Amino acid sequence: EARRQRRLLLLVVCVALLLDNMLYMVIVPIIPDYIAAMRGGEGAAGPSAPAGGNDSGGGGGGNRSLLPARYPPAARGNEDVQIGVLFASKAMLQLLVNPLSGTLIDRVGYEAPLLAGLAVMFLSTATFAFAENYATLFAARSLQGLGSAFADTAGIALIADRYAEEPARSRALGTALACISFGSLAAPPFGGVLYQFAGKQVPFLVLACVCLLDGLLLLALAPPCAAGARANMPVGTPIHRLMVDPYIAVVAGALATCNIPLAFLEPTIANWMEESMGASEWEVGLTWLPAFFPHVLGVYVTVRLAAAYPHLQWFYGALGMAIIGASSCLVPACRNFGQVIVPICGICFGIALVDTALLPTLAFLVDVRHVSVYGSVYAIADISYSVAYALGPIVAGQIVHTMGFAQLNLGMGLANVLYAPVLLFLRNVCQMKPSHSERNILLEEGPKGLYDTIKMEERKG
């Protein structure tokens, strides 16, 4: 039953990560049209016309025309700034809350913060469905960042805690990463189709229902009131001490650097493709869809290699960063949307190598150098991702405007290639011996409480 519960909890975490990334990306094809309709700006032909000016849309097109024009017409540039700030607000709030959420997770356990994060995500999704002005959209997006700071961090930490031994830990974290990738890449077509044919509320209501079901399943598996076993949990290492650990700092830097190309390309590549190769909207959308398969392939390959050669985790991460760097430099050389697919797939394959190799390394570093409590260390990982995705929607467009799209990609590629050798610093991590932390002392002395008994049985199993 313990193994079955562990698998069901993995399912709950994977669904939570899937939902978070679907909500993050589902608004990509919706928000520009939606904001134009609310403002009554250039995207709308008038109060009675659909937001995109396309009278031949599906049955849901009429729903968009009912949105009130709450703002006077504005310049396209101001609208782009608003969209960029809206996209970045989630990562910004997540960046601010993560230090607090990591500390709280270490104190109260993983299940209650995960449930709280799902509840906030449900509220955020429902708010998106019924929002009628920019302020409400901004509040919903920020609420999602608050929920993600708890749900994502607690979920990944819960996986690391329940799957304490390799290679099971790498397989479980790899499964979670595959769900993240699927959510990010499937959300735009999912949202666009439902928005076009069923109205703007439907994609958000579907996600809200799935979020509610996921929370109920978590309540059935691990109700917060039954988490009294955490009373015997050792006190985790404070997040500020983990941040100054040189090994954890190297991993965090790699996670931030490898995600910068993706975070900076998402808000800029569409305009570049339209201007340089005359790509249509469906071609821009299709560019991202095939990247799911190399991402899953990268997860699978890294998990298999890590099981056979665990001492080379640092090398898999360095190889991934080199592939990301080379692929990023190739993007400006593409001349049609079919060619663009290749470097995008290379970037996603490289990110899969880095994430799948280094996320288990963070848990191992905590095991051998600190106390085996994982909330704060995965809050640091979430901070690394949030840095990239908070800067992307705001900074990337300005860099393209002042320096050019090619220079942006060459700079991102060079940063990844130069950072790859830094991972050599991790080459001897696998030879480290576990420290005599409070948990190890408890386990060596024999189980004295319910938590220690459960962990001892899991280790024997």
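Glycine residues also receive a Cβ, built from the backbone N, Cα and C atoms like all the rest.
Automatic, uncurated: that is what TrEMBL annotation is.
These come from TrEMBL:
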{"type": "TRANSMEM", "residues": "7-31", "note": "transmembrane segment"}
{"type": "DOMAIN", "residues": "9-431", "note": "domain 'Major facilitator superfamily (MFS) profile'"}
{"type": "TRANSMEM", "residues": "112-131", "note": "transmembrane segment"}
{"type": "TRANSMEM", "residues": "172-198", "note": "transmembrane segment"}
{"type": "TRANSMEM", "residues": "204-226", "note": "transmembrane segment"}
{"type": "TRANSMEM", "residues": "247-265", "note": "transmembrane segment"}
{"type": "TRANSMEM", "residues": "285-307", "note": "transmembrane segment"}
{"type": "TRANSMEM", "residues": "314-334", "note": "transmembrane segment"}
{"type": "TRANSMEM", "residues": "340-365", "note": "transmembrane segment"}
{"type": "TRANSMEM", "residues": "377-400", "note": "transmembrane segment"}
{"type": "TRANSMEM", "residues": "406-426", "note": "transmembrane segment"}
Model confidence over the domain 'Major facilitator superfamily (MFS) profile' (9-431), as mean pLDDT, sits at 82
Cβ under 8 Å, sequence separation of at least 6 from the ends of the transmembrane segment (314-334): give me the contacting residues as numbers and ranges. 254, 257-258, 261, 265, 269, 277, 298, 302, 305-306, 340, 342-347, 349-354, 356-358, 361, 405-406, 409-410, 412-417, 419-421, 423-427, 429
Near the transmembrane segment (340-365), which residues from the same chain, at least 6 beyond its ends, have a CB less than 8 A from one of its CBs? 156, 160, 166, 169-170, 173-174, 177, 181, 245, 247-248, 251, 254-255, 258-259, 261-262, 265, 269, 273, 286-288, 290-299, 301-303, 306, 313-314, 316-317, 319-324, 326-328, 330-331, 334, 374, 377-378, 380-381, 416, 426, 429-430
Is the number of Cβ-Cβ pairs under 8 Å between the transmembrane segment (247-265) and the transmembrane segment (406-426) three or more, considering only pairs separated by 6 or more positions? yes
The transmembrane segment (112-131) in contact with the transmembrane segment (406-426), cutoff 8 A, at least 3 CB pairs, sep 6+: no
